[in-house]
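One structure below.
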Amino acid sequence: MAKLSFLSLFLLCLVATATAQNCGRQAGNRACANGLCCSQYGFCGSTSEYCSRANGCQSNCRGGGGAGGAGGGAGGGSP
């Protein structure tokens, strides 16, 4: 009986994990609600694990890996 209970609990957790992927390419390119970031694995969150482009963020990403803008040019003299 204990083995059956354990197996049932394990399968329930497995199904819950599989259906928890709710954004990005794993979920028809859906975006997260409330401006949360979508991780590379299809989960919504607000920490760097979800939001960093370097970590594979899919949508609503912040920072992490952009090349940055070029600096302004030096002032030119008259010809």
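Backbone N, Cα and C atoms are what each Cβ position is placed from, and that goes for glycine too.
Record source Swiss-Prot places CYS38 in a disulfide bond whose other cysteine, from CYS23, CYS57, is CYS23. Comparing Cα positions, CYS23 (disulfide bond) lies closest to CYS44 out of the disulfide-bonded residues CYS37, CYS44, CYS51, CYS61.
Averaged over the domain 'Chitin-binding type-1' (21-63), the predicted model reaches a pLDDT of 95. The local packing around CYS57 (disulfide bond), expressed as other Cβ atoms within 10 Å of its Cβ over all shown chains, amounts to 23.
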